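Input: a single structure, listed below in structure tokens.
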Amino acid sequence: MTLTLMACSNQSKLNKSHENVSSTSSSKATSTDKETKGDKKQNSIKVNPKHNQVLWNQDKARQLESFMQRWQAEMKQNYTSYYPGKDVNYYGIKYPTALNANNIAVNKIKATLSWSTTGKGKSDFNVVAIYSDAENTKMGAHLYFFTIASNGKPVVLFTNQNQGTPDMLVHFAPTQNADLEKGFDQIVDTNIQ
């Protein structure tokens with residue numbers, strides 16, 4: 001009985017440390033930053049794996065493209081999709097090529113990111129899509145990484161950082177835009193094989 005309780009206790013601690021990434025970012029929003037339009041809430045990433053589910057494929061990429069067309073119209077912004085072979089120049093850094101440069105922090109913690117066509121990989125966050133308005137905006141550009149975290153949870157990472165930082169990292173946090181978060185979550189959870 002004691003062994004069972006110890007195992008459960010240790011497993012619980014392990015799960016808590018790997019399941020939650022709380023948004024503690026103290027990023028400053030400006031009046032031109034429409035990222036936070038929609039319902040705000042404390043962001044956390046929780047495990048919700050579906051073992052037999054396809055996390056990401058071309059059908060889901062098309063669904064996301066359709067969703068982004070509607071969403072950007074609501075936001076009165078103009079986003080472009082980027083992928084390997086078509087980089088966005090985000091204030092001098094080219095994504096997705098620079099994903100492997102190991103210079104990204106999520107919630108102020110250095111994280112690994114890499115491109116994935118399936119949503120699976122060995123990185124902390126496996127990027128399945130990138131959208132930005134950098135080419136359509138002179139200042140205050142937005143950059144979104146649509147990712148599947150290593151725990152299987154869909155996470156939309158956001159930055160509008162436009163200058164270097166003392167730690168030389170580009171800082172992202174889970175989006176505070178509830179509509180965007182919900183839309184991506186629903187697309188990933190769709191069982192399209």
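Using the three backbone atoms N, Cα and C, a Cβ is placed for every residue, glycine included.
Residues or ranges marked as region 'Disordered' in TrEMBL: 9-48.
Marked as compositional bias 'Basic and acidic residues' by TrEMBL: 31-42.
What TrEMBL lists as domain 'DUF4767' is 54-188. Across the residues of the domain 'DUF4767' (54-188), the predicted structure has a mean pLDDT of 96.
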DSSP-derived helix, strand and coil totals, residue by residue, for the domain 'DUF4767' (54-188): 34 helix, 46 strand, 55 coil
